[in-house]
Structure formats: C-alpha cells, structure tokens
Amino acid sequence: MSTSLVSKPSASKAVVVFSGGQDSTTCLIQALTQYDEVHGITFDYGQRHREEIEVAKSLAKRLKITSHKVMDVTLLNELAISALTRDAIPVSHELMENGLPNTFVPGRNILFLTLAGIYAYQLGAEAIITGVCETDFSGYPDCRNDFVKAMESALVQGMDKQLKIITPLMWLNKAQTWALADKYQQLDLVRHHTLTCYNGVIGDGCGDCPACHLRKRGLDDYLQDKTTVMASLDASEPNA
C-alpha cells in the first residue's frame with residue numbers, strides 16, 4: 001500500500017466588494033456558484049445610505065458566505081464631498097458643472113479596490129469581484145472598464161501577485177442584471193431585501209432618487225419581456 005500523500009487542490013477564493021445593493025448582491029450570488037470560498041468586504045465610509053451596511057450583514061448571513069468583513073474607511077467622508085457623504089447636500093437629478101452627478105464620491109472605487117486587493121492578498125484569493133457597470137452606469141468615471149483594467153494592472157504590479165478584478169455586470173443593462181438574479185432563483189431576494197436607494201429605503205426604495213429610477217426601469221423592462229431579456233443575457237454569457 002502506498003504511503004505517498006496526494007496533494008489536495010487549493011480552494012478557489014474570491015473577494016466580493018459587497019454593499020448590499022442590487023448589483024453587488026447579484027455578483028455575490030453568482031460567485032457562490034463559481035468559487036469554493038466567497039469573502040465579502042463592505043466599506044463604512046459614513047455614507048448617506050449607511051443602512052446598507054446592516055443590509056449587507058444580513059444578506060451575508062442569509063447567503064452563508066465564507067466570511068464578511070466590514071471595514072471602517074470614514075476618512076473618505078472627510079476628503080470626498082458628495083451628496084452621498086453629506087446629509088446636507090440633497091441628491092440631485094441634474095449634473096454638476098463638471099458633468100458628473102452630485103452623488104459621485106471621488107476616489108471611492110480606487111480606495112475600495114485597493115483595500116479589496118490587499119484583503120485578497122491576505123486571503124490568497126485569486127479574484128476581486130465588483131458590480132460596477134458601464135452600460136447603465138450613473139456617470140461615474142470609476143465604473144468604467146478602462147478604470148477597472150488600470151486598477152487591476154496597478155494591483156498586480158504593486159503586489160507582484162496574479163489577481164483578477166472581475167466585473168460580471170460591466171456590459172449588462174439593468175434588465176439583464178435582474179435576469180441574472182432570476183437565473184440563480186434569487187429574483188425575490190434581490191428585489192425585496194437589497195438596498196440600492198440613495199435615501200436608504202430597502203427594496204423598491206424611495207422611488208425618487210436616480211438609483212431607484214434606474215433600478216425600477218430595469219425591473220419593469222425585465223418583467224415585461226422575461227424571455228427576450230434572458231435570451232440576451234445568455235448571449236452575453238462570457239461577460240456575465
């Protein structure tokens with residue numbers, strides 16, 4: 001009888017930047033089917049809709065992910081003035097003089113992906129997953145594919161480690177994002193238990209802020225023609 005040891009394949013691991021909103025929750029649900037270990041990281045930056053932190057904690061437990069870390073990055077609140085970091089600044093539907101919405105938080109995704117990269121290095125994870133999207137994005141420059149690729153390159157070079165930033169929603173519209181949740185039989189969970197609203201209202205939200213408008217329009221488009229939207233999602237499967 002052989003006494004040689006058979007090495008066990010190392011577990012595949014991913015870190016999901018997890019806010020508790022529709023997009024990141026959908027990415028988390030998908031990741032649970034693709035990786036042995038899924039670790040969520042949520043950032044407390046003193047955000048206007050900070051109820052999302054408790055939502056993220058609740059969903060992490062409900063979905064039974066491997067671990068969930070909430071990281072204090074409230075320094076960002078001091079540096080970045082935005083409607084999402086200042087309660088006194090109302091969320092506007094109009095763009096600012098620089099062409100960006102007043103909900104844009106300068107440097108937010110730069111900081112989040114940097115810290116997620118450090119955490120992935122610590123865990124030995126090969127992937128960071130984030131729910132940013134260029135197709136239906138809200139005008140944020142740090143949601144663009146070019147930005148994500150630049151961040152990935154910086155992390156790989158700066159830590160001398162192979163690490164991928166995966167963006168499952170990058171080329172999906174909101175209707176297709178709803179379809180992706182439905183594909184994993186989690187449409188109701190994402191619809192009723194996530195928080196996307198800038199005013200901190202769970203589920204369907206306040207119905208007035210830009211995030212709620214985008215979310216509702218996508219849901220309506222999906223529910224009106226599920227078959228067509230699901231087919232378009234399947235056709236884009238390499239990106240989903």
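Placement of Cβ uses the backbone N, Cα and C atoms for every residue, glycine included.
Annotated ATP binding site per Swiss-Prot: PHE18, SER19, GLY20, GLY21, GLN22, ASP23, SER24, THR25, THR26, CYS27, LEU28, in sequence order. Counting every protein chain shown, the number of other Cβ atoms lying within 10 Å of the Cβ of SER24 (ATP binding site) is 25.
The Zn(2+) binding site feature in Swiss-Prot is assigned to CYS197, CYS206, CYS209, CYS212. Mapped onto three states, the DSSP output places CYS206 (Zn(2+) binding site) in coil.
Here the Cβ of PHE18 (ATP binding site) has 32 other Cβ atoms within 10 Å, regardless of which shown protein chain they belong to. Comparing Cα positions, CYS212 (Zn(2+) binding site) lies closest to GLN22 out of the binding-site residues PHE18, GLN22, THR26, LEU28. Fewest Cβ neighbours within 10 Å among the binding-site residues LEU28, CYS197, CYS206, CYS209, CYS212: that distinction goes to CYS206.
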